[in-house]
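Please see the structure below; I have some questions.
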Amino acid sequence: MLQIRVFNYNDPIDGENIVELRYHNRSPVKAFQIVDGIWIIPERYNFTNDTKKVPDDRALTILEDEVFAVRENDYLTTDVNEKNSFLNNITKLFKRINSSNIGNQLLNYISTSVPYPVVSTNSIKARDYNTIKFDSIDGRRITKSANVLIYGPSMKNLLDKQTRAINGEEAKNGIGCLSDIIFSPNYLSVQTVSSSRFVEDPASSLTHELIHALHNLYGIQYPGEEKFKFGGFIDKLLGTRECIDYEEVLTYGGKDSEIIRKKIDKSLYPDDFVNKYGEMYKRIKGSNPYYPDEKKLKQSFLNRMNPFDQNGTFDTKEFKNHLMDLWFGLNESEFAKEKKILVRKHYITKQINPKYTELTNDVYTEDKGFVNGQSIDNQNFKIIDDLISKKVKLCSITSKNRVNICIDVNKEDLYFISDKEGFENIDFSEPEIRYDSNVTTATTSSFTDHFLVNRTFNDSDRFPPVELEYAIEPAEIVDNTIMPDIDQKSEISLDNLTTFHYLNAQKMDLGFDSSKEQLKMVTSIEESLLDSKKVYTPFTRTAHSVNERISGIAESYLFYQWLKTVINDFTDELNQKSNTDKVADISWIIPYVGPALNIGLDLSHGDFTKAFEDLGVSILFAIAPEFATISLVALSIYENIEEDSQKEKVINKVENTLARRIEKWHQVYAFMVAQWWGMVHTQIDTRIHQMYESLSHQIIAIKANMEYQLSHYKGPDNDKLLLKDYIYEAEIALNTSANRAMKNIERFMIESSISYLKNNLIPSVVENLKKFDADTKKNLDQFIDKNSSVLGSDLHILKSQVDLELNPTTKVAFNIQSIPDFDINALIDRLGIQLKDNLVFSLGVESDKIKDLSGNNTNLEVKTGVQIVDGRDSKTIRLNSNENSSIIVQKNESINFSYFSDFTISFWIRVPRLNKNDFIDLGIEYDLVNNMDNQGWKISLKDGNLVWRMKDRFGKIIDIITSLTFSNSFIDKYISSNIWRHITITVNQLKDCTLYINGDKIDSKSINELRGIDNNSPIIFKLEGNRNKNQFIRLDQFNIYQRALNESEVEMLFNSYFNSNILRDFWGEPLEYNKSYYMINQAILGGPLRSTYKSWYGEYYPYISRMRTFNVSSFILIPYLYHKGSDVEKVKIINKNNVDKYVRKNDVADVKFENYGNLILTLPMYSKIKERYMVLNEGRNGDLKLIQLQSNDKYYCQIRIFEMYRNGLLSIADDENWLYSSGWYLYSSGWYLDNYKTLDLKKHTKTNWYFVSEDEGWKE
């Protein structure tokens, strides 16, 4: 691990790692070498040829290239404490970066190389501008190579974070250069993931800048001219953005770099560019420097390049792969992934007001980053009071009253899409195909996977940048910053109201005093724009429920019920979804998006759903995108008389052409994906942010009305403290509903974006590609015909191959999964994503430790009497009936639900069957999970049934009891049966609570009268109140979600636990090979499996005898599962695949009866009906397939027999008296096999087989 040096600003100069640096011919500054080649300079950055000066009136002016700015001239200029804090903060970030694999590799790369020197026959020298100068302790002037200098923010803006190449050309052409990094660790941007907002981790953003510096150092900054250009047509409401270099997108990494990857692969490093690296390597190898330092420099370069020296020849292919590793393996996203840091989904994203924080140890550590997480709710993140931003005035005349309405909008909030110019003039031509052409196949593998798995990082694996020509040292510094021209127009006149007017109409004025005036919610946009006491809402019911109370509520209960009504109406309207099958690949339409954002309101009488169905996805676009066209030229084959006389080379040329054709299709697809991303998806992403803003405005307006009602409350004054709590909880409930709705909105928007790509853009190029295919086929046919005499018998094969692959009716399929992420997988597994997003607590076992597996690291105490045992999938928790067998979970805000906060609890539980020892507990309720003092909730057991109880602060109690009996629910639902049951309890505090077992609804009760079940008590997992001290329970995956799942989601949640192909035994645990089981039939529970020898047939016949039962009380009758006796058979399933110990669906195995051998079909020597009966035989294999023809959540399986014409399912004979025996013989039923899927499975159970292992939870 690289050693990070630690300094204080007042440490004395040592002339080695702490120096007084003279740089850019400026006054000396104190610099600290944190690792070799990287220096920290705790000063403001003021070394630039930028002629734009910071205005004196800093509070009112923002420069053209900025979105947000903070002006402060004094910071980091004279205060030693500020300088020391800056130095310590950067050091902390370096330690955090260095603690990751990627970060450590990055710092090693930077610290073990220098920009490529000037090379001649007898000399190797560094360029002067890539060095720093300082005085040694003894007064000598020292010149030393340097790679990176890290400064504080620039003089013009404290929010600056950027990397400047000291020579912009040499950063791209292979020579390489030193970099200045401008950085502020305390001012942090705010980003979004889904509907959540978070603050960037400064270690992640510093890593981003260091990667830029690495590219500059090696001279491999993206050399192409391609940029994402953003139009400046201000009359179209297009925002003003800098051009985004592909260098920026690739340095960030993530999904966006994958999208543009195929588009840039070809131009990234042309072969002649890489070949020159080999030439430079030879030049260094052949030089003969005189001075020791130069010899050492030469040897270090040779050591770094040796991995690419293959027997004296420079391996350009391997070197190019190495460059690609650096490009696609080292990026900010991969660093964030390794450190589990939240980062934005896309490089280009809406910027939100930044935050300020100190990086003290109680706020930020090297290991965890932000101790309390990155959410903007973290109180350590402060609002920046003196933040300024660039605005534009939008003016429009209303349609009804003809009033000119002007609003101020941040330019950052305007739309931005890629300019078509950035995609034009792309060369899709190809050189003539040769027999040895290097053709790459389309792949979806990750460069990062290759990078991390296949690269070993040590000094010999570094490589220096290589000059293309002998360099002439420039006389001045080149400033490489892009400063685009921006339209300075500050006011825009428009014909109609825009989305921004609608959003502004939903916003409460900053100066509005909600304690004195009521803010009315109205459904008229013009009424709102003309009256500051009104806000616009697209939600009619919500407006009615908010406005119906003028003022003067006189009772706390009435106030509470009014809050509930408002929340309920708002939530119901947010949950609106219109299912549709009229627009391809769209699951549903969110109908209020139109009226919220003024989309399509002039169409279909304001019906957004109908307008969307009629016009499609394009209705969402604020600006109609203009796409660059593609010009394709047919592939041609290089013809050479000598080569074309060789059959193998002719065939290679044809095959390479066909492979290149596939590559071309994928290249064109990738080009269209890049345009879609820059012109369509950016607009869709803006729409998502606009809806987030809209719902936020709605909540603010609703809360303002609540505060108004509180200030005008006519009841007792001592009620107001309680009412404040109600309002606080109501705001949480409103935000929860909005976040939930945003997930539906986001899905609708993302599906719309992908639909446009699949159904509009991709088809638009297919006809062009088919013409390309036809022209290419013509060239191939001519080439094959010309060389038919050489091909001989392969002529027909080659022609058939061309005809097949270039058939006009075929095309190369576009793989939607090739679009990196974009939530496609999330859309497919939306329930899983939603549950993960809402999971706030998950008690389980990991690495033999009981912990919170949700990622929230909830504090819990596990007492010594709690055991970890084998469970439903792996290890699970066992609670015993003793004082030390308990788990105490300290509650945090995430799991403290009150008033209006919905939640769901789900868990797996295995409770032993009631036996005689349990009689002393009959009629007694005892606790399993308790979070109740004077109020709260708990889960308990009574007479083998589960009890869910809620109690509010006024003592009102709601109970749900399963009320099942053993006899009618033993297999499926009864809790005390020793079988794993999945319990789900949903609590919708505005309506009801519901209890489910195994995904099926058992009971539901209204909880509308309950008023607050929150408390500060811990959640205690403990058997408390029972008399039987031998009792125990097994508990697994106890999860709490911060929303109430609906009925279909509960069913899906239960089914999600059965995605594996592993079959399960009678108890619900994995079925295992070579383990002893009793095998019982569902039709005759309690009927033991026996065998009998029939001498006249010479075989042992297995059969099931009559059911045997026993009583544990006068009202509970229980079937025997364990059977004793010399003729009772236990079985083992014998593995034929040797994969692992678990039995999976469709495994072929032997069912071995422990006494008499394998279960097989009788030999075909008796009557036809008897040939289908099963016998036991030591010498023959049964080759039975264990299958599951019903849903995966069943704890039984079917057994299929394969035997010539007697295929069937293992069943029991209808005639119990066959062979004069009192029982049911086993046979192969072809009828059941043919008809199983059409049968009433509640009646037809004879082919369902359980495997029962002996367990301490079931005693007989």
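Glycine is treated like the rest: Cβ placed from N, Cα and C.
Below, the features straight out of Swiss-Prot:
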| type | residues | note |
| --- | --- | --- |
| ACT_SITE | E209 | active site, proton acceptor |
| BINDING | H208, H212, E248 | Zn(2+) binding site |
| REGION | 401-824 | region 'Translocation domain (TD)' |
| REGION | 825-1065 | region 'HCN' |
| REGION | 1066-1260 | region 'HCC' |
Could you check what DSSP calls E209 (active site, proton acceptor) once collapsed to helix, strand or coil?
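Looking at the DSSP assignment, E209 (active site, proton acceptor) belongs to a helix.
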Going along the chain, which residues six or more apart from H208 (Zn(2+) binding site) have their CB under 8 A from its CB?
T251, Y252, E332
Determine, for the Zn(2+) site, the additional residues of the same chain whose CB lies within 8 Å of the mean position of the CB atoms of H208, H212, E248; present them in sequence order.
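Those within range, site residues removed, are T163, E209, I211, E247, T251, Y252, E332.
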Over the region 'HCC' (1066-1260), what is the model's average pLDDT?
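Residues in the region 'HCC' (1066-1260) carry a mean pLDDT of 78 in this prediction.
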Under a three-state reduction of DSSP output, how is E248 (Zn(2+) binding site) classified: helix, strand, or coil?
helix
What whole-number Å value do you get for the CA-CA distance of E248 (Zn(2+) binding site) and E209 (active site, proton acceptor)?
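Checking the Cα atoms of E248 (Zn(2+) binding site) and E209 (active site, proton acceptor) gives a distance of 10 Å.
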Sorted by position, what residues of the same chain at least six away from H212 (Zn(2+) binding site) have a C-beta under 8 A from it?
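H212 (Zn(2+) binding site) has long-range Cβ partners T163, S179, I181, Q221, E247, T251.
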How many other Cβ atoms are found within 10 Å of the Cβ atom of E248 (Zn(2+) binding site), counting all protein chains shown?
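Neighbour count, Cβ to Cβ under the 10 Å cut-off: 19.
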Under 8 Å Cβ-Cβ from E209 (active site, proton acceptor), six or more apart in the same chain: what's there?
K161, Q162, T163, I181, F183
